[in-house]
Structure formats: C-alpha cells, structure tokens
2 protein chains.
Amino acid sequence: MTSSRQLHLGAFMRPVSLHTGAWRYPGAFPDANFNFAHLKRFVQTLEAACFDAFFMADHLAVLNMPVDALKRSHTATSFEPFTLLSALAAVTERIGLVATASTTFDEPYHIARRFASLDHLSNGRAGWNLVTTSNPDAARNFGRDEHLEHDERYRRAREFYDVVTGLWDSWADDAFVRDVESGLYFDPEKLHVLAHKGEYLSVRGPLNIARPVQGWPVVVQAGSSEAGKQVAAETADVVFTAQSSLEAGKRFYGDVKERRERLGRPRNHLKILPGVFVVVGDSRSEAQDKRAKLDALVHYESGVSSLSIALGHDVSSFDPDGPLPEIPETNASRSSRERVIELARSEKLTVRQLAQRLGGYSGLQMIGTARDIADEMQQWLEEEGSDGFNVMFPFLPEGLDDFARKVVPELQRRGLFRRAYEGTTLRDHLGLPRPGNRFFKSP
Amino acid sequence: MTSSRQLHLGAFMRPVSLHTGAWRYPGAFPDANFNFAHLKRFVQTLEAACFDAFFMADHLAVLNMPVDALKRSHTATSFEPFTLLSALAAVTERIGLVATASTTFDEPYHIARRFASLDHLSNGRAGWNLVTTSNPDAARNFGRDEHLEHDERYRRAREFYDVVTGLWDSWADDAFVRDVESGLYFDPEKLHVLAHKGEYLSVRGPLNIARPVQGWPVVVQAGSSEAGKQVAAETADVVFTAQSSLEAGKRFYGDVKERRERLGRPRNHLKILPGVFVVVGDSRSEAQDKRAKLDALVHYESGVSSLSIALGHDVSSFDPDGPLPEIPETNASRSSRERVIELARSEKLTVRQLAQRLGGYSGLQMIGTARDIADEMQQWLEEEGSDGFNVMFPFLPEGLDDFARKVVPELQRRGLFRRAYEGTTLRDHLGLPRPGNRFFKSP
Ligand SMILES: Cc1cc2nc3c(=O)[nH]c(=O)nc-3n(C[C@H](O)[C@H](O)[C@H](O)COP(=O)(O)O)c2cc1C
Ligand SMILES: Cc1cc2nc3c(=O)[nH]c(=O)nc-3n(C[C@H](O)[C@H](O)[C@H](O)COP(=O)(O)O)c2cc1C
C-alpha cells in the first residue's frame, strides 16, 4: 500500500533561507530571519498550506566561519528557539513547532520543562530537535575549552533523553483533579519522583509542570554518524537528514528503519525527512534562472573559501570566469572533492559559479515547475527514499509563497498531501501514537 | 516635588494568586495558573489598565512543602516563564513582561540570549527578575546534593550579571547595516568578543543575537539579606520586596536608595515595589468578608502546620474555635512569633482563623474600598515607602477585574497613575534610561 502513503512536510526556518545570498535577492526581506512580523506571516502561510511543522535549527554561538564570510551572512544573529516558537504558538492553531535544544550544553530539567510548557501553550504542537551541538565554538560560551568528545556527547545524549522523558512522566495524565469541594488539587498517588543517578546526570524531579499534551513532545534527531543513527533509531520520532541523492537517501532510509525494527519497534512510527532546497518556476528555465541569480549574489570571496575547503586546494588564483582546471589529489575528503568536480562538469559551471554554488548552498535540491518538484517528491516517497521532506526556501517571502501556492496544491491533487489538518497535535499530523506514561497506567 | 511622582504597578502573576484558597473561591477559575486562555485574558486586562508589568516568579522544583499541603496547592505546576511570557508578548502591545531566572542553576549565555530574544520579540518589554533561587530542592534537580552557600550564591550572581550585561553589549546598536548593494550584513568593527574569565564563569561570546531593544532588559531583584540588598543596589533597576508595614517599608526604601547613592548613581533610577495583597469591596466590610471567606477555604491542616512553624510551637491540640492561648517562648524567630500573636490579638482571630490566615497569605495587605486602597498607596508613595507596588490578587478573575475597574480609575483621578502608556518599552514605563553600550559609543 505504498501508494496510499502521504508526504510529511516540515519547513526549515532557521535560517529562513540557508542560502547566503538570500537576503540580497530582489524582493526579499533582508532582515527576514530576525523580524517577528515577517516570521509570523511565514508561519501562518505554512499553516494555511497544512505543513506538519515549522522547524527551527539552532546554534549556541555565532556561526563558526571567518569574520570576512560571517559579515556577509544574514544568520549571524537570530531569535532563540523557545522564545520565538512560544510567540508563534500564540498566533497559530495547528502547525507543529520544533525547537532545537542541546544535550551537551543544557540541563535536562530545563529542557523537559520548556518543551512541556511549549507543548501545553500550543495544545500539543511541540517537537524537540535533539542535538549534541555541532558548532565546537559553543563550548567556550559554556565554560569549557573544548567540545565533549563525539562518542561521549552521544552517551550523554542518550542518558539525557531518558531523564527528560522520565521527567515528562512525573505526573499521571489524570493527576490534577482540582476538586473545589474537598480542596484536593492533585492526587499525590499520581506523582512520581524520578530520582535519576547515572553516568552524566543526577536529577531528582518531579517536574513542576503537568505531563505534556502529547505525552512526550515529538523527538527529532539529525545525527549522521553511527552513534548518531543509533541514538536516532532508539529515541527519535522523526529523523531530519542531509542526503545528496535519491540513491543515498534510500540507503539511509533502509539503514535507520532497519535499526528501528531490530529494536522491535514499528518502522512507520519513525519518519525520515531529508532536507531539500526547492526553487519553483513557471517553467524549468525560469526556476534555473532564479537559482543562478541567487548564486550570483554570493560574494565571490566567501565562495572561494568554501570551494577551496571542499577541494582541499587554494583556488583563489584561478580565473574566475574560466572552467575549473585539473585539481591534484589532496588530503581533502575524496568524496567531497569528487562531488564538486562532478558538479562543475555536469552543470558546466565556471570557477566563479562553482564557488558561489558552494558558498550559497550545494546540498539536495529540486528545481523546476511545481509538477517537476511534485514528481521528484513522489518518487522519493514511492521508492522509500523518505517519508517527506524538510523544505528549505531559497529566498523569502517569494520562495515560500511559491511553494505554498504552486507545489502544495499539485501534491494535494495527487493525493500525496493533506488538504486540511485531520488532528490537532504534531503527533496527529505525523501519524505517531501518543506514548504511555512509564510510571502510570492510562486511566 | 514628591507629589508629582506617580505609582508604578506590577502584577504578581505566578501564581496568579499567592493565596492557597484562591482556586476554591466562588467564581474563580481553579486552573487559572495553568490555562493559557485565562492568562491571556488577564494580561490583556492588565494592559488595558496600563500596568507597568506582568511579573512572573519562578521556582526550579515543585514547592518545598509537605505533600499533604502541596496536594492542596494550585501552584504545584505552572508554565515555564520564557515560554509563557513569549506567548503573551505575541498577544499584547505595551505591558512589560518580567521573567524570573536563576543565576545559580543556569548559564549566562542562555539567560542573556533568552532575555534578548524576548526583548526583541516584545519590542522592548522584557525584564529579568534576577534570583539566586530560594527553593533548596532545586539543587537536586541540577546534579547537586546541596544548594550553594548563601554568600557564594550572591558572589556568583554578581559575576553572572556582569557576564550577561557584557553579552548584551556584544553588538553595537548600529552594527547591522544590511547593505544589499555591497553585500555587507554587519560591520565587523561593531562586534565585541567578551572573553570573560572570572571566579565562577568563563564565557567567550559574542552573543548570537543583536543588542536588546532596551539596551539591557530591565533588571529586577528581590534579595533581602545584606548581600541581597547590596547586589540590588549595584545591579537592579527595580527592587521587588516583601514588607510588613509602612514603617518597615520606609526603612528598607531609605536603606536601598542610600546604597545606590553611595555608588554615585541616581536614586530615582531604582524603583522599589513592595508586594501587596489587595482585596477590594464596595464597602470596607464587604472587602473584609471576602478576605474572611477566602481564608476559610484554606484547609485547616495546612494552616496548622504554617502556624506551628511561625510560633515554634505545635498548635494541633489547641481548640480551633477558641482564642490563641499563651505560647511559651521558643526557639522560633522572635519577630515572627510576635507578629503572629499581635495579629491574633488585633483582629480577634480564633486559632482556626489564624491558622488559615497563615496558611493562605499573611504578608502586607490592603483591604477596603477603592478609595481606602488608593489612600494607602498614596501614603506609601508620598512618605517614601515605595515607588509603587507589585500587586497580588486574591482570586481570579474577580480580584483582578475589581482592581482594574475600581482602584486604577481612582488612582488615575488623583493623578497618581498613568491614563495611557507614554512610551513603548518597559524602561519607558518605569522612567528608566536606556543603558549605553560599554564597548561602543552611541552612534
Ligand atoms: C539537516 C540537519 C540539521 C541540523 N541542525 C542542527 C542544529 O540545529 N544544531 C546543531 O547543533 N546541529 C544540527 N545538525 C547537526 C547534527 O545534529 C549532527 O551533529 C550532524 O549531523 C553530525 O552528525 P553526528 O554528530 O552524528 O556526527 C543538523 C544536521 C542536519 C543534517
Ligand atoms: C516578593 C518576592 C518575590 C520573590 N520571587 C522569587 C522567585 O520567583 N524565585 C526565587 O527563587 N526566589 C524569589 N524570591 C526570593 C528572593 O530572590 C530571595 O532569595 C529572598 O528574598 C531571600 O533573600 P536573600 O537571598 O537575600 O536572603 C522572592 C522574594 C520576594 C521578596
């Protein structure tokens, strides 16, 4: 019954566009990333288009790039996720709200509490993108000289997840009786003290907020290492991932779903959503022109440094307007080098265009008419490359409006995407069950 | 020109009523403390009444009381402050939003960022109630067996404040040029790396969010020890305090304002707001009846334990309906014992009534008609007992609506309170200047 499956769509919204040139695009809002009035409009457009969720990545430091590139980036500053998503919760009704929070640089009591609070404020629409924090500069903002070592980060993450979910279960769903007559506010039999003492964490509990509306807010994971994929299989409801092609996507999809099944848990209770950069045009060439125009807005010097890193070779002396010369073998990652050379060849890009592509955004993309994009998405779904996508918009508002007005109706016509929300919580949208309370039977 | 001074009014809203019996009062919303629809209505009423701020206390554990009392309390759970206030920011325009955050159990990078984010989302309405955390149970939710020792808590708090304000100053006010033509998003000369290394904290920076709208969000402090008052004088824009009488209030007011002047800073840039519990009636006796009715809703056993603690003597064998017998001298705090005996005498309370008063709320109160209350508030203002109040409502919505509809207009008629907001930020409402950036001159 593969064909009856439907796509799940998230919107990757921090930054509102991942593309470095986005803020300079004609008609774009240069401050879109940091202007609440704009963000409110965006989320309301996404909700009208029935997106599953607004997804907010997060970093605990300014981006770790040289200041000469940073100063050209519209993502140097942004809102903090809990504050922004709570404000957006108050101006929306149905769309899910996924915040990134770090298991390395925060405390489980705070994290459990904030997600529970966001879940209550939004009537069950919160999600937690559980990260161990990718930007190593974060460590120095939190009293450490160095980032925790990779495996240790994931061991702590695993324990952190157990503590947070344990705290969410502090109260039975029916603990609060609020009996005005007798004066009993809650039933003390329905309160559980966690008293966790583990390798990294020691947390007593109980949490000082009622169990979340969703039982547990939706857990999203984006790790890609072995440890990351394993934590995802064990803990995640949704896996957000960067894939470079449908082939790679299918391998990843199979790998993570199998890990899940080996744990004895249903594979369809884990949704895999690759990030995809979508540029829509009324014709294919219009879409390609938009992409080229956008890339051209990337400052050449920023592009040169990204390209040099990807090739493991300094390209600053190359003729910007000539083709990419032969590059000797280097220490750079072989796959990244080959990917870039192949990209230059297949799209016949000059050094400048290639540099601007890499300095802008060079991951998975879908470019074309609404039908082209729907075709590709359908193929991913039907061939089990994904359960949907986390969509990245090229520039705002136009790129988002185009997707909502052109691609979504095409997906709906094909029966691949909802025409209206059927439930009220993010779990409902994703087709995920509400977890039981590990300490109390359901009433 | 004392008479031209105006009152500043905050609303103490977590819990929405401090009184243990509040949720059982006829017509009250039993879940008011944990229902966003109600809280939204309350804050909008407060805004229509031109309150300076909505003030949200906070605790990092369930209240530290025996479970037999806790189970009768409507404050066992609540929203988390940043998430709630951000949601309220989206449904209000002018009222200030003060969140409590702990310098003992959180990280300065997180705190600086969240307040900056709330300040931007609300267009300059954020305030930080800086606490070292009073509930000792919090320690066990954050990996510690014991609370930090009192003086050390305040030393860390002082350093924490320096780091947070330093992080707020990471960016000059005019750092973000967003020049679409040249592609320059910010001026790197206007970015400062804090690189703080101190006794308790080591934080590099810069903060990944632009300088707050208010420069620095308003800082509120509620410490009452020597160390607490000193930190308040050094750091606070607003002091929130529990005072038992006008005489005590005047002493406290003089003490803190003098500390401020000794630091060479203007005394009127520090506002002192005692908490006051206000019950309004159309007649004095109606107000007193409301208070008595409310106290009667406190469960006798909860009251008995509060009264026993205050007297240092087990009162459970006393006749509940008789007067308070002689109490021998004990180890209990002399002042608390005497205050309670005096209360029983002056109001001719039975043991039950006294216990219920203590189990409910027994701090500073103003009870009477709108004119009585305005008289008392005016006296405090004119005799320099305070610069206004943090008002605590007895039950919701009625107690809040009464204050907004009856007391506020009376204060306005006397020229003691604004009829409309004059500025847009919380600093504007409080008459506090916007702090300069310590690293950059104003443009
Ligand atoms: C699409 C996507 C989004 C991500 N978002 C974040 C993020 O917001 N914050 C963060 O610290 N890391 C983020 N990451 C990084 C992952 O959490 C993870 O650290 C990274 O994929 C490397 O995987 P590994 O840690 O398993 O090696 C993201 C990764 C992907 C693929
Ligand atoms: C009106 C008022 C409100 C307070 N709110 C909080 C609060 O929300 N959270 C908290 O941990 N402490 C709160 N406190 C406690 C103070 O921060 C402080 O710890 C207490 O007044 C004792 O003072 P000291 O620490 O200087 O001895 C409050 C105190 C007062 C007087």
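Heads up, residue numbers simply count up from 1 along the chain you see.
Backbone N, Cα and C atoms are what each Cβ position is placed from, and that goes for glycine too.
Together with A:ASP58, A:HIS150, A:TYR154, A:SER224, A:SER225, TrEMBL lists one candidate of A:THR20, A:THR92, A:THR100, A:THR103 for binding FMN, that being A:THR100.
Mapped onto three states, the DSSP output places A:ASP58 (FMN binding site) in coil. In this structure, A:SER225 (FMN binding site) belongs to neither helix nor strand by DSSP; it is coil.
Mean model confidence for the domain 'Luciferase-like' (A:26-385) is a pLDDT of 95.
Counting other CB atoms no more than 10 Å from each candidate's CB, the binding-site residues A:THR100, A:SER224, A:SER225 peak at A:THR100. Other Cβ atoms within 10 Å of the Cβ of A:TYR154 (FMN binding site), summed over all protein chains shown, number 21. The 6 Å Cβ screen around ligand 1 retains A:ASP58, A:SER224 from the binding-site residues A:ASP58, A:TYR154, A:SER224, ordered by sequence position.
Other C-beta atoms found within 10 angstroms of the C-beta of A:HIS150 (FMN binding site) number 13, with every protein chain shown included.
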